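Please read the structure below before turning to the comments.
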Amino acid sequence: VLSQNTMESEGLNKGHPIFRNEPSYREFNKSFEDSADTLFSFLNEVDAETLKEEQQKPSQIFITYNRNFAQRDPRTQEVVSHPVCDHSKQRLPYVFPNPQARHSALSIAQQAACLRVLLACRRNTEVGKADSMVWEVTRIKRNTEEQVVHQRIYEYAIHQKERIYAPMKQLVLCYSKWFTNYLEKLLPTLPSASYGTHSGLPQLPQCKALNVDTARIEDIQLLCRAGQVRLLPEIAIKPQELSSLRVRLDRYACAEMANETIPPRITAELKHQIIEADEDAFLLPLDSILMLLMPGAYIDLPTEMLLSISDLPNSDCKFFEFKQPFAARHCGWHTNNRVLSQAYAAFASTQWLQFNADASVTLIAEDQLEVPNYELPPLDYKLQPIEETAPQVKQPKSNCALVSWRLRNTNAEQSLQIYSNLSIAAVRDSLAQQTLGCHWIKVENKPECGCEVMTKYELLSTWLQLKLLQTEVGHCTRISLRDFMPMLEQPLQLVAVEQQLRDLYHIRMPQQLCHLHEFLKLLRGVAAGEYLLRYTPKYKDKFLLCHPLQAPTAQSFKLQELLTGTTPSNINFLTESDCYLPITPLLCSRMHEEQHLLPCAFPAKVKAVKRPNKKPKEEQKPKLQQRTSSSLTKKPVPKKRKRRSPRQRKRDEAKEQEEEDKKLDKFMCL
């Protein structure tokens, strides 16, 4: 019995087996400020890479702390901007920048009525009478507040420029890779001779000192269509496609697009037709027209293109063939749109129509770019980058349309014969009879403020495409730069585009076409040969017409060295150019609809509502008191002292002074 008790006591002294071989409680009883404490070590740990950089540059404070310690996406190894997302709600995480907490002069009901008017105009539906009355009544208030909001947004865009354009880095890298591949295929086809300046041609605004004459486009004919075109009955880019494209942007943005050209048969017939017509003819691609209309308007636009002038046989007339301009060497708004448009064209799966030689179309089966794999992954799964596991990107399809049109000046008897080639964005029906004039994918740089106005380049390009393709409808999809979320599906109409050109940029297309007419007439005096048409900021009012030289000189340059001399970046865009686009007050984005906020207006003030008391008042129970005489129970009420009036106060003071004088007289008599 004694031995049994001894064994039980030893088991009790040892304690529970789970706590054996553990350190003493003193090990866990340390203060947080103790350097040997585990929590202290974890909180004050410094990343090795950060410490290494700070030792090299001790004058800088922990600039790279957030970059090295922030969470990274394992697929792209990029820092996650919003690590916590609420996917249970489909609302955008944008907040209108209003640090002063200002409120709108309009009430909530007035803003809602004005918002319904804008939405009805966009959807081409009827506007209610009550809403239209509110719209007219609040016009002065809206215009006044709109000016203040524009000033606040401008200050916000200038001060927060680096933060606003920080997501642009991904698009710049993609464009740089695409530009490298573009030069690898372009440089072998370029002449290796040196170029020298032959003469200076005035730019289009200088062609006419007095903008009195006008010109117009007439006799538009669609000669041929070649390649494949998208079949899009309705245009609505899904958020899931854009979120998937965002992590795969590097692969799809650099995909090589098929370069569809005019068939040789059509080219031979066109040359024969030009010779028989016995008049000057111009081959002007759409991008070449845009470069002539607005040289140097933005830093991310092309500045050079080749020009070939040849004499027609047995005639004094010439044929002017403008080549496609070379790609821009600086990044900006338009290169961002181009990268995203090319990536989406390569990524999205849709139906295609094939243009046949007999002007008929054939429906092509839907192209599945990525086939999902439903096999279960192995147990020893290892996360790998997307580039190593993704299938090869297929070559995006393209098309080309050749359009014949004449440019006629109102005061000139003879018009100019022009041929233009451009691509068709999409068609609405399976017979390719309803053509979509254009489809822009526009990147919104300030989605928390609203929708930006379209640039001069975008509006001019839209007008030319709608005019040459003889259609009235285009489309613009606005996407946020921050997280690639769709903001607005905007239809474009020819009349509205002309109105925006007049209101925003003071451009009237008849005058612009007149300038183009005068420039082409000046070009007819240039001798036949191969030329390079170039724009430089040094000569802002002229085009430099360069021709190849037999031997290089001190002022000559090589075209290949000119194109490869700079690497595409957004440094010049952020520093030299005015990188600000105002917000349009006529477009309601997805953010405005979700937050019931009027464009270019402050948030409406919400009136405070009195909440009912949670605890109801309890009725006091009557107390039982013994009835006694009123004289005994009545308490003496203190008399209220009446406040003396100023006159009474003066009288009292005069009496007191009189009494003191009498006392003083008695004393003096004694």
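Using N, Cα and C of the backbone, Cβ positions are placed for all residues, glycine too.
Note that TrEMBL annotation is computational and uncurated.
Your range for region 'Disordered', going by TrEMBL and the list 1-20, 21-40, 81-100, 561-580, is 1-20. Averaged over the domain 'Little elongation complex subunit 2 C-terminal' (393-604), the predicted model reaches a pLDDT of 91. Note on the compositional bias 'Basic and acidic residues' (650-670): residues 644 of its chain, located 6 or more positions outside it, place their CB under 8 angstroms from a CB of the stretch. Helix first, then strand, then coil: DSSP counts for the compositional bias 'Basic and acidic residues' (650-670) stand at 20 helix, 0 strand, 1 coil.
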